[in-house]
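Scroll down for the structure; my scribbles are underneath it.
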């Protein structure tokens, strides 16, 4: 019965020593003296601020990309015991003792190190030799720009890691498809492909290019599955549903998960609150939530409110008025009504308060019980501190003459009657009887007499308007736009009819407690929209460059300079590898077109399996370069050399593929192959030599004299190489 115990349990496994060695040297090259320099290097000053926000659970808004990458960096800080207390205000600043530099840089370094064996696996899974796979891995290993970028608290190496993981997972899934579809291995690689694609997009928005590439290749393969006559209709449907679930639905869910964790962690009010809506701000601890705690939910006749513009551009601001009037004559000679100014003011102020008045009554207090204001009701808005009514008329606005002037009415005893009736339009209502709600309702004010809509033009007024933002009545406006939409941010029920008592009341808190927490999807939608539309700093930078500069490596970035010696770190690529990778891409394109034309003429230079392998390698490697490079020509943003690194990685993968193809299919004789192999060895030796020459600028661990620095310029080093090797 227990006879099986008489024999030992044996487990056998195969270990690819190439993979082990590549992983080891990859880790060594990226982790060597990782905490050096112990100073803020280039964009670490930018990412470090976000890590501190995570450590303190303070909300922030970053328009550069989704939160997954920042959370990974923050995870390194958390594991290292970082408390977030460091002032990230200057490149080159020495890190204090509480900053775990090694931990903060660990995850990018690991990502860069693991990309080396992953390159080996990708080329091997494409069906090429171990020699080509090893060559691809070694090129990634010695590429100086990739080493530099992965040894710092930056995100490009993490993005490259997930790009490669997505491609590798899909290749392993395709190879599993040929043998055992729907097996656990098949499902594992398919699901991992979807997760890796979502992670790439979650690091930076440009990760979507690799995701779309994988989706495109998967769509072509799915098309072939549909045409496979050996599969039943049910089987084909299962294949399509599995791919749709893993490559479309799952990435969306994982992407949402990133934001869910992000919003769960950042629960406290922070410096970027004002960019968000009032409802979003009220969902955070402190800040507006502390101010609005206890506000009534429903706006009633007699309510005292502040009205914030939903659009929030160019800055968040509130409807505002003050005692000053429009000048009689503007600088351009046009006249005005000389009424009291109405503006949008970007700061909290007592002059931001307005009273919602029933036009049929004189009282400015809330009845008991309150009479709520509903969609379609006609109201008057009384400025709290001056008791003048919001008004517009057929007078041109000061800076937007196509629109009407908005003012608070002053009776000058002339033939200019007040026009101060406004119809409430609740934009996000669920029915025509909806009640106007604090924070939650987005409303428009439509002028009863002229049908003009109260709108923020966003134009700063001259000195006579204290540089506050212009508010107009837009009569010709069509459709929805945030500049015409307002929401109540602060709200209290008015109890005092006398003006002096009411002025004191405007400064006092309210007592009714109403919870108005937003749902996750509402917060996600708003945060994602703000991330996509927030204005970034597009000013020229000393080290900014164009996509054309990247291909020829006609640019670099000085990341760090030692304050006392000439040791420094530069983002500078290996010119031999960059030029060879670009040449290999061109050679692949020419060969592909040549083969395609000949196949059209029924001349097959390659067997069918070799042709399909050649096409797939081009689709993933050359295609990966194209989708990660060409879109930058259309981007209106400040660009740097490191933006090219994901595209370069795919180019490097293509290089040994092209070299092997030339050796196997274009070199006809053994002598030609031997000569070509000798050329490849000499070329690789020169690449290693350049990599070693640039080592002081990659690691920054050695002082350099001015003559040594000049010799490391790639054009000068190229001349040295030509003299030495050729």
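Here the Cβ of each residue, glycine as well, is placed from N, Cα and C on the backbone.
Summarising the annotation, TrEMBL assigns domain 'MIR' to 296-359, 370-427, 431-491. Residues or ranges marked as transmembrane segment by TrEMBL: 59-79, 127-147, 153-174, 186-203, 209-228, 240-265, 575-597, 611-634, 640-662, 674-694.
Taken as a whole, the domain 'MIR' (431-491) shows an average pLDDT of 88 in this prediction.
Between the transmembrane segment (240-265) and the transmembrane segment (153-174), the number of CB pairs under 8 angstroms, six or more residues apart, is fewer than three, so the stretches are not in contact.
Highest Cβ contact count with the transmembrane segment (575-597) among the listed stretches 59-79, 127-147, 186-203, 640-662, 674-694 falls to 640-662 (criterion: pairs under 8 Å). By the Cβ criterion (under 8 Å, sequence separation of 6 or more), the transmembrane segment (674-694) is in contact with the transmembrane segment (127-147), since 3+ such pairs are found. DSSP states for the domain 'MIR' (296-359), grouped as helix (H, G, I), strand (E, B) and coil, give 3 helix, 30 strand, 31 coil. The transmembrane segment (611-634) is not in contact with the transmembrane segment (186-203), judged by fewer than 3 CB-CB distances under 8 Å for residue pairs 6 or more apart in sequence. Against the transmembrane segment (153-174), stretch 186-203 has more CB pairs under 8 A than any other of 59-79, 127-147, 186-203. Same-chain residues lying 6 or more positions outside the transmembrane segment (59-79) and placing a CB less than 8 Å from one of its CB atoms are 47, 49-51, 53, 100, 103-108, 153, 155, 158-159, 199, 201-205, 255, 258-259, 261-262, 265-273, 275-276, 284, 527, 530-532, 534-536. Counted with DSSP, the domain 'MIR' (431-491) comes out as 6 helix, 27 strand, 28 coil. Within the chain, the transmembrane segment (186-203) has long-range Cβ neighbours (under 8 A, six or more residues past its boundaries) at 65-69, 72, 155, 158-159, 162-163, 165-166, 169-170, 172-173, 176-177, 180, 210-211, 214-215, 242-243, 246-248, 250-252, 254-255, 258.
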